[in-house]
Ligand SMILES: O=C(O)C1=C[C@@H](OP(=O)(O)O)[C@@H](O)[C@H](O)C1
Ligand SMILES: C=C(OP(=O)(O)O)C(=O)O
């Protein structure tokens, strides 16, 4: 049980949030299948990205990791080796699904296993299209759940229309397509994060984007690159919300990734009337970054749905907290994907926030939140349910709660933000 700081008088100061999780995974993966030595700066040393490194080491890739500096000795597109041990993906859905895309193309056998949360997450969304391409995949319930066994190689291209807007599905198919003679195409119902497309280009490959359709031709040679990973906007989101709802606050977040497929949280803060400014935007060619300043704000409710959802999917738990501190009724819809994350995030957000005074109800595809409500706790135990984003949301909620509370399962936060409590403490202390 970790005690949480409640009734925080102000949050002030500047922080650099850690590197982007999605980009860190992809830099290791593309570095491993490129030719030459890739360097990665500002890598996220969170548990999920360390799982990705571990899996590629088991396939014969030499990777040195020193904090946020990583060097990957690329093996080329056909150079990965059959692992003689099980590949452990830990808690990481991104590792599991993108790795399956690469393994689908490798002419050897591999087994994938993860933690109890991964064992409940649907994998048919990638194993089905990869099987259509010719990979042999088996697992519980017809290849929908880990442990999974895969034997790849000899793929044929597909033209796939994905039923979900998922960057993990899109990326798995594109990565398999990279090894496959001919042109592989994925169409998605709305635009998901495009880090794979951008990074393939950074490594000298070609990807064609036409609206919601992305195509890649196979047997391209990727060349090693020097990757700088921007700060993770999904991590910054916790402090953007904290700065908006804690009294007397002003927080500067430096070098945050501002890829437009990820900035839904900024749109929502602006719609809700937050005092947010964006400065020093740069690096727009590869992955845009900038500095964000947030101040205590008078907030009003909003509606969130449609094409905005994939642009803020991981931020919905912290947006739910934001909505409890805004005047009016906030409706979040079209977000059924939340049910298949590290936890069912509709249930865990509603259950935990209700414990200390939020007026929040679950719907089939989202939630309805009525604000503004005071949050109060008397020796209350809240629970991350092993989900990093629920744990961080609850720690920020504590800042605007009167009373006392502690967090069960705080260790889950190391999955994406190992220095979260240090940063929170630094902002409280100033
Ligand atoms: O591709 C990625 O790096 C991710 C895609 C999203 O998942 P889906 O593809 O399942 O939407 C997101 O929730 C996850 O945290 C990271
Ligand atoms: C859903 C998440 O990650 P993943 O799918 O990689 O486990 C997340 O980080 O919120």
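Including glycine, each Cβ sits where the backbone N, Cα and C put it.
Remember, TrEMBL labels are computer predictions, not curated facts.
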According to TrEMBL, 21, 22, 26, 166, 168, 314 bind 3-phosphoshikimate; which one of 187, 191, 339, 341 is listed for that same site?
341
Within 10 Å of residue 168 (3-phosphoshikimate binding site) (Cα basis), scanning recorded positions 93, 314, 345, I find 93
Out of 26, 121, 314, 345, 389, which recorded positions lie by ligand 1, with a C-beta less than 6 Å from some atom of it?
314
So, three-state DSSP: helix, strand or coil for residue 166 (3-phosphoshikimate binding site)?
coil
Running a distance check here. Ligand 2 versus the recorded positions 93, 166, 314: which have CB less than 6 Å from one of its atoms?
93, 314
Residue among the binding-site residues 121, 345, 389 whose Cβ has the most other Cβ atoms within 10 Å:
389
Going by DSSP, is residue 93 (phosphoenolpyruvate binding site) sitting in a helix, a strand, or coil?
helix
